Amino acid sequence: MRVILAPMEGVVDDLMRDILSSINPYDLLVTEFVRVVDQLLPEKVFLKLCPELLSGGYTPSGTPVRVQLLGQEPNCMAENAMRAIELGSHGVDANFGCPAKMVNRSNGGAVLLQYPNTIHDIVRAMRQAVPAEHPVTAKIRLGYEDKSLFMENALAVYEAGATELAIHARSKVDGYKPPAYWEYITEVRERLPIPVIANGEIWNRDDAKRCMQVTGCDSIMIGRGAISLPNLADTIKTGATPYSWADTLQLMLSYTQRELSGRKSDYYPARIKQWFSYLNRQYPEADTLFRELRIYKTTEEIVRVLEQAQHHLNQ
(Lines of atoms letter the chains of each structure in order from A and count residues from 1; the text may use other names and numbers.)
(Lines give C-alpha, C1' and ligand atoms only; values in the text may rest on other atoms or scores of the structure.)
Protein backbone atom coordinates (compact mmCIF):
# COMPACT_ATOMS: atom_id res chain seq x y z
CA MET A 1 0.00 0.00 0.00
CA ARG A 2 1.14 3.51 -0.82
CA VAL A 3 -0.17 6.69 0.76
CA ILE A 4 0.58 9.93 -1.08
CA LEU A 5 0.00 13.47 0.15
CA ALA A 6 -2.09 15.39 -2.37
CA PRO A 7 -1.14 18.79 -3.74
CA MET A 8 -3.27 21.50 -2.13
CA GLU A 9 -2.75 25.00 -3.44
CA GLY A 10 -2.26 27.51 -0.64
CA VAL A 11 -2.39 24.80 2.04
CA VAL A 12 0.32 22.17 1.70
CA ASP A 13 3.45 24.27 1.33
CA ASP A 14 6.97 23.14 2.24
CA LEU A 15 6.46 23.79 5.95
CA MET A 16 3.26 21.75 6.06
CA ARG A 17 4.98 18.99 4.07
CA ASP A 18 7.81 19.04 6.60
CA ILE A 19 5.44 18.84 9.58
CA LEU A 20 3.24 16.09 8.13
CA SER A 21 6.09 13.95 6.81
CA SER A 22 7.79 14.10 10.21
CA ILE A 23 4.89 12.24 11.85
CA ASN A 24 3.64 10.06 8.96
CA PRO A 25 5.21 7.35 6.77
CA TYR A 26 4.19 8.97 3.48
CA ASP A 27 5.50 7.34 0.33
CA LEU A 28 5.44 10.57 -1.67
CA LEU A 29 4.48 14.23 -1.35
CA VAL A 30 3.25 16.30 -4.30
CA THR A 31 3.82 20.06 -4.33
CA GLU A 32 1.43 22.90 -4.94
CA PHE A 33 1.34 23.50 -8.68
CA VAL A 34 3.96 25.49 -10.56
CA ARG A 35 2.03 27.61 -13.09
CA VAL A 36 3.45 27.21 -16.59
CA VAL A 37 2.33 29.67 -19.28
CA ASP A 38 4.60 30.26 -22.26
CA GLN A 39 8.21 30.07 -21.13
CA LEU A 40 10.84 28.05 -19.32
CA LEU A 41 10.67 29.21 -15.73
CA PRO A 42 13.79 30.19 -13.79
CA GLU A 43 15.12 27.90 -11.08
CA LYS A 44 14.01 30.29 -8.34
CA VAL A 45 10.34 29.66 -9.16
CA PHE A 46 10.76 25.93 -8.53
CA LEU A 47 12.88 26.47 -5.42
CA LYS A 48 10.34 28.85 -3.92
CA LEU A 49 7.53 26.29 -4.14
CA CYS A 50 9.76 23.29 -3.52
CA PRO A 51 12.81 24.20 -1.42
CA GLU A 52 13.25 20.48 -0.81
CA LEU A 53 14.98 20.46 -4.21
CA LEU A 54 17.99 21.94 -2.42
CA SER A 55 18.15 18.72 -0.39
CA GLY A 56 17.89 16.20 -3.21
CA GLY A 57 14.11 16.45 -3.39
CA TYR A 58 13.53 15.14 0.14
CA THR A 59 11.93 16.59 3.25
CA PRO A 60 14.07 16.72 6.41
CA SER A 61 12.51 13.39 7.44
CA GLY A 62 13.53 11.79 4.14
CA THR A 63 10.23 11.68 2.23
CA PRO A 64 10.53 12.21 -1.54
CA VAL A 65 8.80 15.20 -3.12
CA ARG A 66 7.39 15.49 -6.64
CA VAL A 67 6.87 18.82 -8.41
CA GLN A 68 3.47 19.37 -10.01
CA LEU A 69 3.06 21.54 -13.10
CA LEU A 70 -0.11 23.22 -14.33
CA GLY A 71 -0.32 24.53 -17.87
CA GLN A 72 -1.85 24.03 -21.30
CA GLU A 73 1.02 24.34 -23.78
CA PRO A 74 2.74 20.97 -24.40
CA ASN A 75 6.20 22.23 -25.30
CA CYS A 76 6.39 24.60 -22.33
CA MET A 77 5.14 21.89 -20.00
CA ALA A 78 7.82 19.58 -21.37
CA GLU A 79 10.62 22.11 -20.91
CA ASN A 80 9.59 22.85 -17.36
CA ALA A 81 9.14 19.16 -16.58
CA MET A 82 12.74 18.59 -17.56
CA ARG A 83 13.85 21.52 -15.43
CA ALA A 84 12.04 20.08 -12.41
CA ILE A 85 13.80 16.75 -12.93
CA GLU A 86 17.19 18.41 -13.35
CA LEU A 87 16.66 20.27 -10.09
CA GLY A 88 15.99 17.02 -8.23
CA SER A 89 12.24 16.39 -8.32
CA HIS A 90 11.25 12.75 -7.86
CA GLY A 91 9.29 12.57 -11.08
CA VAL A 92 6.95 15.26 -12.32
CA ASP A 93 3.15 15.50 -12.18
CA ALA A 94 0.66 17.26 -14.47
CA ASN A 95 -2.38 18.96 -12.94
CA PHE A 96 -5.64 18.38 -14.83
CA GLY A 97 -7.88 18.61 -11.78
CA CYS A 98 -7.67 22.06 -10.21
CA PRO A 99 -11.27 23.39 -10.02
CA ALA A 100 -10.38 27.02 -9.20
CA LYS A 101 -12.25 29.44 -11.46
CA MET A 102 -9.26 31.72 -11.94
CA VAL A 103 -7.12 28.79 -13.06
CA ASN A 104 -9.81 27.39 -15.35
CA ARG A 105 -10.41 30.78 -16.97
CA SER A 106 -6.78 30.80 -18.06
CA ASN A 107 -7.13 27.32 -19.62
CA GLY A 108 -5.45 25.42 -16.81
CA GLY A 109 -6.45 22.60 -14.50
CA ALA A 110 -9.84 20.89 -14.74
CA VAL A 111 -10.99 22.89 -17.78
CA LEU A 112 -8.67 20.70 -19.89
CA LEU A 113 -10.83 17.68 -19.06
CA GLN A 114 -13.02 18.89 -21.92
CA TYR A 115 -10.13 18.30 -24.33
CA PRO A 116 -8.67 14.78 -24.11
CA ASN A 117 -6.41 15.39 -27.12
CA THR A 118 -4.77 18.33 -25.36
CA ILE A 119 -4.24 16.23 -22.24
CA HIS A 120 -2.64 13.55 -24.40
CA ASP A 121 -0.36 16.05 -26.11
CA ILE A 122 0.80 17.57 -22.83
CA VAL A 123 1.58 14.26 -21.16
CA ARG A 124 3.20 12.95 -24.34
CA ALA A 125 5.48 15.98 -24.59
CA MET A 126 6.45 15.67 -20.93
CA ARG A 127 7.14 11.97 -21.28
CA GLN A 128 9.32 12.49 -24.33
CA ALA A 129 11.31 15.21 -22.58
CA VAL A 130 11.89 13.39 -19.30
CA PRO A 131 14.28 10.41 -19.16
CA ALA A 132 12.49 7.09 -18.86
CA GLU A 133 13.74 6.35 -15.34
CA HIS A 134 11.85 9.36 -13.96
CA PRO A 135 8.07 9.04 -13.44
CA VAL A 136 5.72 11.28 -15.39
CA THR A 137 2.33 11.26 -13.71
CA ALA A 138 -1.00 13.07 -13.93
CA LYS A 139 -3.93 13.92 -11.70
CA ILE A 140 -7.43 14.24 -13.11
CA ARG A 141 -11.03 14.51 -11.96
CA LEU A 142 -13.97 12.55 -13.33
CA GLY A 143 -14.78 15.36 -15.71
CA TYR A 144 -15.57 19.03 -16.03
CA GLU A 145 -19.33 19.62 -16.21
CA ASP A 146 -20.14 15.92 -16.41
CA LYS A 147 -18.37 12.57 -16.51
CA SER A 148 -18.90 11.72 -20.18
CA LEU A 149 -15.20 12.08 -21.12
CA PHE A 150 -13.81 10.39 -18.04
CA MET A 151 -12.58 7.18 -19.66
CA GLU A 152 -11.32 9.08 -22.71
CA ASN A 153 -9.25 11.35 -20.49
CA ALA A 154 -7.83 8.43 -18.53
CA LEU A 155 -6.90 6.65 -21.76
CA ALA A 156 -5.32 9.85 -23.08
CA VAL A 157 -3.01 9.97 -20.06
CA TYR A 158 -2.10 6.29 -20.37
CA GLU A 159 -1.59 6.28 -24.13
CA ALA A 160 0.65 9.34 -23.84
CA GLY A 161 3.04 7.29 -21.73
CA ALA A 162 2.27 8.31 -18.15
CA THR A 163 3.77 6.19 -15.40
CA GLU A 164 0.68 6.35 -13.21
CA LEU A 165 -2.59 8.23 -12.84
CA ALA A 166 -4.22 9.79 -9.77
CA ILE A 167 -7.98 10.28 -9.90
CA HIS A 168 -10.03 12.59 -7.70
CA ALA A 169 -13.41 10.86 -7.73
CA ARG A 170 -15.50 13.96 -8.43
CA SER A 171 -16.05 16.27 -11.38
CA LYS A 172 -15.09 19.93 -11.45
CA VAL A 173 -18.73 20.88 -10.94
CA ASP A 174 -18.93 18.54 -7.93
CA GLY A 175 -16.15 20.56 -6.33
CA TYR A 176 -15.55 19.00 -2.92
CA LYS A 177 -19.14 18.05 -2.15
CA PRO A 178 -19.63 14.46 -0.96
CA PRO A 179 -19.87 11.79 -2.04
CA ALA A 180 -16.80 10.74 -3.96
CA TYR A 181 -17.69 8.39 -6.80
CA TRP A 182 -15.03 5.73 -6.22
CA GLU A 183 -16.76 3.25 -8.53
CA TYR A 184 -15.61 5.28 -11.53
CA ILE A 185 -12.02 4.73 -10.48
CA THR A 186 -12.68 0.99 -10.47
CA GLU A 187 -13.46 1.07 -14.20
CA VAL A 188 -10.16 2.76 -15.02
CA ARG A 189 -8.13 0.59 -12.67
CA GLU A 190 -9.53 -2.53 -14.37
CA ARG A 191 -8.80 -1.20 -17.84
CA LEU A 192 -5.40 0.48 -17.55
CA PRO A 193 -2.17 -1.48 -17.03
CA ILE A 194 -0.51 1.38 -15.13
CA PRO A 195 -0.96 2.07 -11.40
CA VAL A 196 -4.07 4.09 -10.55
CA ILE A 197 -4.21 6.17 -7.36
CA ALA A 198 -7.58 6.78 -5.68
CA ASN A 199 -8.38 10.17 -4.15
CA GLY A 200 -11.44 11.75 -2.56
CA GLU A 201 -13.37 11.61 0.75
CA ILE A 202 -10.73 9.68 2.71
CA TRP A 203 -11.03 11.08 6.22
CA ASN A 204 -10.05 8.08 8.36
CA ARG A 205 -8.66 4.54 8.21
CA ASP A 206 -12.07 2.99 7.54
CA ASP A 207 -12.60 5.32 4.57
CA ALA A 208 -9.23 4.26 3.19
CA LYS A 209 -10.13 0.58 3.53
CA ARG A 210 -13.49 1.08 1.81
CA CYS A 211 -11.92 3.11 -0.98
CA MET A 212 -9.34 0.43 -1.68
CA GLN A 213 -12.01 -2.29 -1.55
CA VAL A 214 -14.27 -0.46 -4.00
CA THR A 215 -11.56 0.63 -6.42
CA GLY A 216 -9.13 -2.26 -6.14
CA CYS A 217 -6.34 0.33 -5.88
CA ASP A 218 -3.40 -0.27 -3.58
CA SER A 219 -2.37 3.39 -3.68
CA ILE A 220 -4.39 6.26 -2.27
CA MET A 221 -3.90 10.03 -2.16
CA ILE A 222 -5.12 12.08 0.79
CA GLY A 223 -5.54 15.84 0.98
CA ARG A 224 -8.10 17.54 3.21
CA GLY A 225 -8.25 14.48 5.43
CA ALA A 226 -4.52 14.73 6.03
CA ILE A 227 -4.93 18.29 7.34
CA SER A 228 -8.05 17.44 9.36
CA LEU A 229 -6.37 14.48 11.11
CA PRO A 230 -2.63 15.21 11.05
CA ASN A 231 -1.47 11.61 11.48
CA LEU A 232 -4.03 10.14 9.07
CA ALA A 233 -1.41 8.45 6.88
CA ASP A 234 0.09 6.74 9.93
CA THR A 235 -3.31 5.44 11.02
CA ILE A 236 -3.90 4.06 7.53
CA LYS A 237 -0.50 2.43 7.04
CA THR A 238 0.32 1.20 10.55
CA GLY A 239 -2.95 1.28 12.48
CA ALA A 240 -1.63 4.03 14.73
CA THR A 241 -4.04 5.68 17.15
CA PRO A 242 -5.50 8.90 15.71
CA TYR A 243 -4.03 12.03 17.24
CA SER A 244 -5.84 13.39 20.26
CA TRP A 245 -6.64 17.08 20.47
CA ALA A 246 -3.68 17.48 22.84
CA ASP A 247 -1.38 15.86 20.26
CA THR A 248 -2.70 18.11 17.53
CA LEU A 249 -2.43 21.28 19.60
CA GLN A 250 1.20 20.44 20.35
CA LEU A 251 1.78 19.91 16.63
CA MET A 252 0.24 23.30 15.89
CA LEU A 253 2.61 24.94 18.36
CA SER A 254 5.53 23.17 16.71
CA TYR A 255 4.26 24.43 13.35
CA THR A 256 4.00 27.90 14.87
CA GLN A 257 7.62 27.88 16.01
CA ARG A 258 8.82 26.88 12.55
CA GLU A 259 6.55 29.34 10.79
CA LEU A 260 7.70 32.26 12.90
CA SER A 261 11.36 31.40 12.47
CA GLY A 262 11.00 31.21 8.67
CA ARG A 263 10.24 33.50 5.79
CA LYS A 264 6.45 33.27 5.99
CA SER A 265 5.79 34.64 9.46
CA ASP A 266 3.71 37.52 8.04
CA TYR A 267 1.18 34.98 6.80
CA TYR A 268 0.89 33.12 10.09
CA PRO A 269 -2.53 34.42 11.26
CA ALA A 270 -4.19 33.46 7.97
CA ARG A 271 -2.38 30.11 7.81
CA ILE A 272 -3.28 29.00 11.31
CA LYS A 273 -6.93 30.03 10.90
CA GLN A 274 -7.03 28.10 7.63
CA TRP A 275 -5.75 24.99 9.41
CA PHE A 276 -8.46 25.36 12.04
CA SER A 277 -11.07 25.28 9.26
CA TYR A 278 -9.95 21.71 8.50
CA LEU A 279 -9.42 20.60 12.11
CA ASN A 280 -13.02 21.48 12.96
CA ARG A 281 -14.17 18.31 11.21
CA GLN A 282 -12.15 16.04 13.47
CA TYR A 283 -11.99 17.88 16.78
CA PRO A 284 -14.89 19.68 18.54
CA GLU A 285 -12.22 21.42 20.63
CA ALA A 286 -10.84 23.04 17.48
CA ASP A 287 -14.16 24.71 16.79
CA THR A 288 -14.33 26.04 20.35
CA LEU A 289 -10.79 27.39 20.22
CA PHE A 290 -11.28 28.90 16.77
CA ARG A 291 -14.27 30.87 18.03
CA GLU A 292 -11.93 32.41 20.58
CA LEU A 293 -8.99 33.24 18.34
CA ARG A 294 -10.75 34.20 15.10
CA ILE A 295 -11.21 37.78 16.28
CA TYR A 296 -7.47 38.28 16.60
CA LYS A 297 -5.36 39.53 13.73
CA THR A 298 -1.83 39.59 15.09
CA THR A 299 0.56 36.70 15.45
CA GLU A 300 1.26 37.54 19.10
CA GLU A 301 -2.42 37.38 20.05
CA ILE A 302 -3.01 34.06 18.30
CA VAL A 303 0.11 32.44 19.76
CA ARG A 304 -0.99 33.56 23.22
CA VAL A 305 -4.40 31.89 22.78
CA LEU A 306 -2.79 28.63 21.60
CA GLU A 307 -0.33 28.58 24.49
CA GLN A 308 -3.11 29.25 26.99
CA ALA A 309 -5.13 26.39 25.52
CA GLN A 310 -2.19 24.03 25.89
CA HIS A 311 -1.62 25.20 29.46
CA HIS A 312 -5.24 24.40 30.35
CA LEU A 313 -4.91 20.93 28.82
CA ASN A 314 -1.80 20.23 30.87
CA GLN A 315 -3.36 21.22 34.18
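Heads up, the Cβ atoms here are built off N, Cα and C, so glycines get one too.
As recorded in Swiss-Prot, the features of this protein are as follows:
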ACT_SITE  Cys98  active site, proton donor
BINDING   Pro7, Met8, Glu9, Gln68, Lys139, Asn199, Gly200, Glu201, Gly223, Arg224  FMN binding site
SITE      Arg35  site 'Interacts with tRNA'
SITE      Asn95  site 'Interacts with tRNA'
SITE      Tyr176  site 'Interacts with tRNA'
SITE      Arg271  site 'Interacts with tRNA'
SITE      Lys273  site 'Interacts with tRNA'
SITE      Tyr278  site 'Interacts with tRNA'
SITE      Arg294  site 'Interacts with tRNA'
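Locations of recorded Swiss-Prot features on the structure.
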residue: Pro7; record: FMN binding site; Cβ within 10 Å: 24
residue: Arg35; record: site 'Interacts with tRNA'; Cβ within 10 Å: 18
residue: Asn95; record: site 'Interacts with tRNA'; Cβ within 10 Å: 25
residue: Lys139; record: FMN binding site; Cβ within 10 Å: 26
residue: Tyr176; record: site 'Interacts with tRNA'; Cβ within 10 Å: 12
residue: Gly200; record: FMN binding site; Cβ within 10 Å: 28
residue: Gly223; record: FMN binding site; Cβ within 10 Å: 21
residue: Arg271; record: site 'Interacts with tRNA'; Cβ within 10 Å: 20
residue: Tyr278; record: site 'Interacts with tRNA'; Cβ within 10 Å: 19
residue: Arg294; record: site 'Interacts with tRNA'; Cβ within 10 Å: 14
Task = Just name the winner among Cys98, Lys273 (the recorded positions) by count of other CB atoms within 10 A of its CB.
result = Cys98
Those residues of the chain, 6+ apart, with a Cβ under 8 Å from that of Glu9 (FMN binding site) = Glu32, Phe33, Cys98, Ala100
Span of Pro7, Met8, Glu9, Gln68, Lys139, Asn199, Gly200, Glu201, Gly223, Arg224 around FMN - largest C-alpha separation, Å = 21
Request  = Measuring CA to CA, name the entry from the recorded sites Asn95, Tyr176, Arg271, Lys273, Tyr278 that ends up nearest Lys139 (FMN binding site).
outcome  = Asn95
Request  = Check the Cα-Cα distances from Tyr176 (site 'Interacts with tRNA') to the binding-site residues Pro7, Gly200, Gly223 and tell me which is shortest.
outcome  = Gly200
Task = Measure from the Cα of Gly200 (FMN binding site) to the Cα of every one of the recorded sites Arg35, Asn95, Arg271, Lys273, Arg294, then give the nearest.
result = Asn95
Within 10 angstroms of Pro7 (FMN binding site), Cα basis - recorded sites out of Arg35, Asn95, Lys273, Tyr278 = Asn95
Inquiry  = In whole Å, how far does the CA atom of Lys273 (site 'Interacts with tRNA') lie from that of Arg294 (site 'Interacts with tRNA')?
reply    = 7
Remark   = Here the recorded positions are Arg35, Gly223, Arg271, Tyr278, Arg294, and the Cα closest to that of Asn95 (site 'Interacts with tRNA') is found at Arg35
Query = Given Tyr278 (site 'Interacts with tRNA') and Arg271 (site 'Interacts with tRNA'), what distance in Å do their CA atoms have, once rounded to a whole number?
reply = 11
Request  = Work through the recorded sites one by one (Arg35, Arg271, Arg294) and name whichever has its CA nearest to the CA of Gly223 (FMN binding site).
outcome  = Arg271
Query = How big is the gap, in Å, between the Cα of Arg35 (site 'Interacts with tRNA') and that of Arg271 (site 'Interacts with tRNA'), rounded to a whole number?
reply = 22
